[in-house]
Structure formats: structure tokens, C-alpha cells
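Everything on this sheet refers to the single structure shown next.
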Amino acid sequence: TCKLLLTGAIKSYKPKKELFSVEDRVQYECNDGYHSYQKNIVETSECTAEGWRYEPQCQEIRCSLNVDSRGRTRSFKNRDVAKLTCPEGFSLNGAEKVQCYYFGWYPDLPSCTEIYYEYGYTENPIFDDSDPAVGRGIECLEPPKLKNSEEQRTRSSYEHGETVTYSCNRNYILYGPKTITCENGRWTSPPQCIGRGSCSKPPTINNGKRIMPANKRYFYSDDTVTYQCDAGYRITGSNESACIGGRWTATPTCSESPCNVPLIEYGSVVELRAQYIPGTTVQFKCEPGYKLISERQTKCLNGEWSFLPNCISTSCGAAPVVKDGFVERPRESYQSGERVAYKCNSGFVFQKLSYVTCEEGQWTEKPVCIKEGSKCGPAPFLPNGDITGMPQPSYPSGSKVEYKCQSYHKMLGNSRVTCINGAWSTLPECLEPCTASPEEMAENNIRFRWFDEEKLYTEHDQYVEFLCLRNYIPHVESAPFRLMCIRGKLLYPRCIKEGSCTPSSNEMDPKNIILINENTEIKDGNMAEFACKSGFYKKPNHKMTVKCIRGKLDYPECDNTPPVCPRPPLVPHGKVVGDVKNEYILDSSIEYICDKNHVLEGTRMLTCFEGRWSGDVPQCIPPCQLTEDEITKNNLELYHSEDISQAVKHKTSIPFKCKEGYITDPHLQLFGQCKNGTITYPSCVLD
């Protein structure tokens, strides 16, 4: 790449960027009083693999003159006017005064011819400072004649304040002020006429659009077009392309936007990076005293995170107010896990608990203080149970009620509850029995161990035993085959077909992998697919999809060493900028450039991500070659006097004109188009 060094001497430049890729061009204009290395106001330079072809710089305008016959010189600035004389014995042939411009002296420096001798020796004129060349009342010389401008009717002298206006020949553009003014014997700086090259339509870009006038059909030097990426894509390079020297400067590329570091209040990401490429998933953690209230991880999608979680405080505010009760030493806040004890006012007692607990930002149910000796309401409802006696609408303090459970339900706790100061003591539980399901047994490939044990119900705390069906074996992580009914739940054992594989956490955890398959039974001959745990990477030459062979799996392995990327892919007629390495670490980037006259299409940059190069490998499109036969066959001539042997770059237009005696549609411009190494020629017909 080449860097444009901006100085105060450069007035403007196109396209608006400071870094240029190989074969890209810049057009720049110098401020008044400055010119380019080729003595122009406007100049173009091209970036090559070795740097700028000519350094894009503007330097102060300087013109030199001899000051004596010994050859000593003096330097003059832009707009300086010098009066000239000849050494003794020589006469002046030409203008007596000259002015310094961006292109040099005008008029041309005169010569000094020997007066008395027949050989006619000549000398250079010398600066004459005996009389002022400029000042109030001094006239200006004839204004300068400019290349490629229309002839002006000029006089030999002009008074102060008079002006001259310039215009350029056809197909030339005027840069600088079109009008110059005589100011006390010197002209203001004149403009310059630069060839008006033409370009074909500006190229399109992937995942973006060009912004230009809807009806514009023709494009010339100085025209620019801007580009804008689609939503979720970011622009690489300048968003502007300019028509310079018959071709468009490098267009930008639109690539999926990376995500910046996600910021959340009272929390942070677990794995911190400068940026995250699209598709990356990150996890969050909260600061001490805070907890996540949503998903722990989020994904980078088109430059945005799918969502951002919240960390909320796990502390609680002041303890809740209890009617007819109080806290002895209240505080404004409490940490999660702290317990606050209450006291009831005189004559009141607690109905149940006497305290509250702060549980991750929320208080548990607050106590209730009731009058001592209060009655209780109806006996509480007991799921799967009932009272043994007649129900009453209310019960005096000290009354007892007895409960019993439904069939096959087992009671846990005291069968009697007591009314104490308006509150019932703790209810017992009626624990459900377990029901053996034939469908679930078939699904787990099991049967009862004892054939006479075809009972439907098993009470809580009672055991039931199972066996595998014929040709099935126990799953590695199966529940026990003799199991207890616990609160109506049976955790069935599981059997699998002989020869099947059952990936187990004991095998996977040391290798830092997880199973992706929905079913944990991988039948003989089927594939098991694994993935690395978060923060781990696949080891080289390890396949994450393996086949189950007669009950055995060759597990892959992951570790916490990010995989390196191999040498970058080869691009015909292209190369990688800088030295090529055999290995590249995570987040490394490389840049491709093409051979001379080849055009790069696709993403210029590739990035190393988890052992592979992200992005599509670019192409270097070959140039086209003009042929005399095709030009003659289509009755054409080149519009500009170009060397026919020069290579024409991909997507470049070539302006033609009809040969004498031939015509074409006057509304059409004659452009050939180079595409993928082939030129499409226009044609002309006989007039």
C-alpha cells in the first residue's frame, strides 16, 4: 500500500482516502504558489508495489535567472516579474520583462546576441534591478498562453485592474481561476487545462450500492461516485471512487461487520477481545453482589449483538413492615442470604415464622402477628387427603384435627394438626405412589425383573426392579435397575441395543467435548457429532464426527490452545503482501495484491479464525489486449493516441472513434469494454 502525506501545499485530492492499494491512483491539486514535480497545478500518481510512481507532493514554485555574466543565479517565486538586460556588447532579442508562473517563465526568456562581431555569439540575459519591474502605475505584460486553451485576443500590455478570461479546448477541464487580473504590473496565477478522460459506468460492489445521479450515462475525469454498504456490513477502503486517467480508482469492499466489546452495567464478558468476528458467541459474568436475569450468552450478528443481558443487584432494601410487629435494629439494605428477625407487639404472637430472608434481591414471605388466643378458620385442605371427623367453620385455639390419605398414598408427617393462636400447625403430606408405564418401559427397552410383579402401583419408599430386554445391554449412564419410588417419580433405567455407543461425560469431560446428537444412543455404524466446550479448540487432525463401531467411539479432543491457520491460499497472478509464514495465529490478517495490470476482485483481506481463513479467496482478473485486426474489422480508431500494445485492465472502458467515412449512432459513445480478459468492441458503418 501507499500512504498519501497531506501537507498544507495540497489543496484537494481524489478519492478521499490516505491509504492506496497497488495500481490505485490519486489526483491532487496544488494551492496557489505551488506546483507538482512536473510543473502542473493538477497531477496524477499511481501506487506501485515499490511505492508511489511519483511522490504526490506540491512544492513551492521557483524560477531562476542569472544575476551576472559569471553564471550566478537568483531564485524567484510565483508571480514575481523580472526585468532583463544583456552584458555589455550584446543586444536583447525577445521580451524585456518576464513573469514566473507554475510552468516557468512567460514569455520565454530572451537571448543576448553579440553586436559588433560577425560570429554572432549569444549569452544568457541577466537580471536588471536598476528599475522596479512592478509597482503602482506599471502595466502588465501580455498574459500567458496556456496549453490546450482557446486562443485569447491579447494586447501587448494591460493596465492595473484589467482582466483576461480563459476557456479550455474541447475535452479539457479547467482547474484554477478562469479569470486573471493585472495587479500593479503582475498577473494573478492562471489556470491549467487538463485532458478530460472518460470512464465507463462505475463498478458495482457486493453487499453494497453506488450513489450517483439516476439518469447519468457518461462519466469523465473529475467525476466521483460514492458507495454505501448494506445494513450489517462495514466498508473497507474509501467510500469514494474517482474517474482518473480513463479508469475508476479502487472501489471499497463491504464485509460483515464485526462487533465491538459488549458493555453491560455491573458485568462483563468472560473472554475479552478488541473485536469479535460475525458468528462469535460470548458469555457474561456479573460483578459480586449481582446476578444475570436472562441468557448468559449472546451472538455477534451483522455488527450487532443478538441481545445484551442485565445484571441486577442481589441485595434487598429495608425489611418489610409487619403489622403489630417490628424489627429491633433495622437497616436500609441487606445482602442476599441475610435473615431479619421480628418481634410482635405485646398481646400478639407470630402466626408462623418470625423472620424474613433476603434471597437474591427478594424478601421471603413476611411474618404475621395475630392476637394471642385467636380462633382458627376451617381445617386446611390437604392434597390427596381429608379429615376424619366432621368439618367445622371455626376452631378454638388448642383444637386438634386428624387427617388420613387416599389409597396407595403414604403420609409423611404428623396426622394431627393443632390450632395455635389462630394458626394451624404444619400439615402432613400425602405422597403419591409410582405408576409403572408400559410405554416408558418399552421406550427404555426394559421389563420387570419378576414376571409376577406386574403391579401398577408402588408406594413411596418402596422398591421395584427391572431388567433389559433380550439383545439389549445397560446404558453407560443408566439409572440403577433396582430403584425406589420417590414422591410418585420413577427414574427408569435405560438399555440400548448391543453394539450401540453411549458417549458418557466420564469420557467426554477430560477431552473438553460435548455431544451434539439429540439422542445419546448412537447405533452401530451411525455417526456421533461432537463440539468443543466454550473456550476450547479442536486439536489438529481430530475429526469432530466419528463412527460408532461395535460399541466403541474414537473420541476427538479439544484443548485451550487456539488453532493456527496454514499458509494462505494461492491466488493465480497474485501474492500476499509481506513475508508468507507457514502458520498464523488467531485474528491474524493478510492482504493480497495482484500482478501488474491484473485487477483484484473479492475481499482483499483474509482473517485467521479458529484454524481457518475467514472470507472468500479473491481472484486476480487478467488484462485484455487490443488487436489491430479487431479495431480495423469494426471500422474504429483509438480516441486517444495510445500505444496499442498496452494492456487494458479488467472492467476498463476504451474510448474509440469511427474511422473517416464511417458513422455510428450519435447518441451513443463508442466504448470498448474489457471483461475477464476479453474486449467487447463497438462498431461503425459506412456513412
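Using N, Cα and C of the backbone, Cβ positions are placed for all residues, glycine too.
A disulfide bond in TrEMBL ties C376 to one cysteine from C316, C419, C430, C434, and that cysteine is C419.
Of the listed cysteines C565, C594, C624, C658, TrEMBL assigns the disulfide bond with C608 to C565. Cα of C608 (disulfide bond) to Cα of C419 (disulfide bond): a distance of 74 Å.
Using a 10 Å Cβ-Cβ cutoff, C376 (disulfide bond) registers 24 neighbours. When each of the listed stretches 61-114, 314-371, 374-432, 563-622 is scored by C-beta pairs under 8 angstroms to the domain 'Sushi' (197-256), 563-622 comes out highest.
In this structure, the C-alpha atom of C376 (disulfide bond) lies 76 angstrom from that of C565 (disulfide bond). Counting every protein chain shown, the Cβ of C419 (disulfide bond) has 21 other Cβ atoms within 10 Å. Counting in whole angstrom, C419 (disulfide bond) lies 76 from C565 (disulfide bond) by their C-alpha atoms.
If you draw a 10 Å sphere around the CB of C565 (disulfide bond), it holds 23 other CB atoms from the protein chains shown.
Across the domain 'Sushi' (563-622), the prediction's mean pLDDT works out to 87. Every protein chain shown contributes to the tally, and the Cβ of C608 (disulfide bond) ends up with 22 other Cβ atoms within 10 Å.
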